[in-house]
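Novice: Please read through the structure below; I'll follow up with questions.
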Amino acid sequence: MSISEKVTLGQYVPADSPVHSLDPRTKILSTLVLLFALFGVRDPRFFLGWGVLLAFIVFLSRVSLRTVLRSVRPVLWLLVFTVLLHALFTPGEAILRFHFIKVSREGLHMAALMGVRLVLLVAFAGLLTLTTSPMELADGMESLMSPLARVRFPAHEMAMMMTIALRFIPTLLEETDRILKAQISRGADLEGGGVVKRLRAFVPVLVPLFLIVFQRAEDLALAMESRCYVGGVGRTRMRPLRWCLEDWVALGLMSVSVAGLLFLERAVG
């Protein structure tokens with residue numbers, strides 16, 4: 001499996017689904033509501049309800065759950081570090097001791113809470129990029145940030161920068177995979193030896209990768225300049241964004257679901 005197939009962050013999966021057909025602003029706002037609401041969960045047992053909600057949205061989007069969960073792969077080391085940090089260094093009632101290592105009940109609680117929360121955060125954010133094209137993301141973010149233009153905030157430029165950054169992730173992964181295969185075909189040993197040897201072996205990969213990134217950035221700049229791109233001033237859209245009944249229904253159902261999950265935790269807990 002190539003690197004681009006292992007990591008889905010920033011990739012768009014086209015499909016004919018109710019989630020894909022929603023206005024990008026609806027999906028962005030719904031994702032923000034979900035992400036902020038996840039920080040209100042205090043008991044890891046209640047993440048089960050959030051997992052069911054994620055699975056239901058994935059079912060509606062017609063994107064495989066495996067593809068969505070692959071978006072967690074880039075933060076796997078951060079996930080392991082976060083879980084170990086809370087499990088080993090949270091003070092409380094010790095339930096396991098090994099020399100100077102102590103694992104407390106409160107530490108396991110916090111490790112489970114932070115670990116599952118991080119997985120759900122990345123999964124919901126990854127689902128947004130999987131079901132929304134880069135152009136739709138740019139238009140949606142620009143529209144949501146447009147009120148800030150009154151205070152001279154560059155809403156269009158900011159949205160364009162974020163979209164280009166997201167779009168470059170799959171490109172970087174594809175180029176990295178191509179360079180790795182080329183180096184391996186020449187007999188390069190990229191996985192053998194210790195850490196220092198592996199870092200040295202990756203130097204022939206990083207140098208051409210940086211050159212390709214700069215070349216891609218220059219090509220993009222020339223393409224935008226040749227099309228007389230001057231920013232968001234006077235820019236029109238081939239498909240103007242419009243709120244539909246489905247968008248209001250989706251926002252309402254999402255808000256009710258999030259409020260219901262938070263209320264259930266408070267009522268039971």
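Cβ atoms here come from the backbone N, Cα and C positions, even for glycine.
Relevant sequence annotations retrieved from Swiss-Prot are reproduced here:
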TRANSMEM  45-65  transmembrane segment
TRANSMEM  75-95  transmembrane segment
TRANSMEM  110-130  transmembrane segment
TRANSMEM  153-173  transmembrane segment
TRANSMEM  202-222  transmembrane segment
TRANSMEM  244-264  transmembrane segment
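Let's see these features in context: how buried, what's close, how far.
Specialist: Same-chain neighbours of the transmembrane segment (45-65): 13, 15-20, 38, 116-117, 120, 123-124, 127, 130-131, 257, 261, 264-265, 268-269, counting only residues six or more beyond its ends whose CB sits under 8 Å from a CB of the stretch.
For the transmembrane segment (110-130), same-chain residues at least 6 beyond its ends with a Cβ under 8 Å from one of its own Cβ atoms are 8-13, 27-28, 31, 34-35, 38-39, 41-44, 47, 50-51, 54, 57-58, 61, 63, 67-69, 71-72, 75, 78-79, 82-84, 86-87, 90, 137, 166.
With a threshold of 8 Å between CB atoms, the same-chain residues lying at least 6 positions outside the transmembrane segment (202-222) that come near it are 164, 168, 171-172, 175-176, 179-180, 183, 188, 190.
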Novice: In the same chain, who gets a Cβ under 8 Å from the transmembrane segment (75-95) while lying at least 6 residues past its ends?
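Specialist: Non-local partners: 101-108, 110-111, 113-115, 118-119, 122.
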